[in-house]
């Protein structure tokens, strides 16, 4: 499905291009944008200054939604692995922000330790206070998916004012902080609970300005039949139209994102296609990371420029001696008029201005006499960055796009979308073999049930002792397991990579399916004790 396994110079050239673009962006920010931010106190009104970790970090995915919509299960489905410290259940189980990141060993890092680590992009979360940091942690685990991206799990959003107050920190502000820095925002909805609570509506409002990053997932859609699903989808679109303040329709993915069998398999084909589309979005994140950083920096630079004009205008209007406090109140009250004046005078788009009401609230706490007047040299440097320096980086980004021959995210559920007959665009290339190191004559754990599996195998009418991929797929789909899981089982079972299953390989596939249906996980590589006896001899002679 994806040509991930092609190797050569393109990967090195792509990485070099990304490093060049990223280092250039860091230099431009430090020399031309940061001085303007510091001069006009941009961090006190908007987001704090960026650090190297903000430029060098892996792409991040933010997963948000109301309680029990399947956020943690969705993450574990992507990783094909449990997250340290996580709990899954119908009640609100995730009560903190969890940064799921790659690490050599499994473990958790508490929030207070996390915000002092210069290699992590979370140092600027410190102002949210100890109450928030006690509800923030990093879960590290060795997982191939996390080598390319990091995932932010969020607390389940409840309904009612009591839960909002009891959090003890500004939940929408924290969401806004993450939204500015992540590459993708996934909003999960439960097909059985489409209500959007006041806090969830407020949380979605905090994401305003980042609609291009938002993807909506209608989860647990296998619990309803086709006609009901159509009505649920319509109700979701209507509800989103009331809380998302854009004329554009958000992309909604429909599916059941966990490793259990589908309860109502009528829409299996739809779920497969929707899952593939969502996976493509996630897989493309590393490839577009440099472009996203450039886009976010330009967005930030335009806001900084407008902020400089606003602050300098307020400074110019302040009296030098008497009546300062009254004048301050007048200026804050007339801020919408001031915005309109600045817009006309400097030919600035209305979309570049911050939220007027929020700006008025923030200005109340500041001393206008400490503001600085307009400094043309700083603004000239910013304009030069936007018009010339950024333009010079675009050819490097185009080169990176053209030379990229792979989707960046591998492992986990992404492996199952490209295995054998479960691939939409034909069979994939060779995959690495399983683990080595056990005795060839060790007992095969599938032997005790092989007679049962043989009966099913021969009822499927194999040709020349082998079952074709299409016949095997028809039988495997009957288990109602998701295609990504069946794809991984196919990868493990087709030991000789011939695109077909003999009786031993079919027995192995059946054994793995039963194990999965009982709630067990799948191995990353096939352990030697699971390799069929005849295939052990073949592998031994090849070596």
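Note that Cβ sites are derived from N, Cα and C of the backbone, with glycine treated the same way.
In Swiss-Prot, the feature phosphoserine is assigned, of 68, 159, 470, to 470; the remaining candidates carry no such note in the record. For the residues 73, 373, 493, the entry in Swiss-Prot flags phosphoserine at a single position: 493. When the ranges 215-218, 219-222, 223-226 are checked against Swiss-Prot, the one recorded as region 'G4 motif' is 219-222. Record check, Swiss-Prot: ATP site residues include 65, 66, 67, 68, 69, 70, 71, 72, 220, and the candidate from 177, 258 also listed there is 258. Across the structure, residue 484 (phosphoserine) and residue 493 (phosphoserine) place their CA atoms 14 angstrom apart. For the domain 'EF-hand' (481-516), residue counts in helix, strand and coil come to 25 helix, 2 strand, 9 coil, using DSSP. Look at the region 'G4 motif' (219-222): DSSP puts its residues at 2 helix, 1 strand, 1 coil. Neighbour counts were taken as the number of other C-beta atoms within 10 angstroms of each residue's C-beta; across the modified residues 468, 470, 484, 493, the minimum falls on 470.
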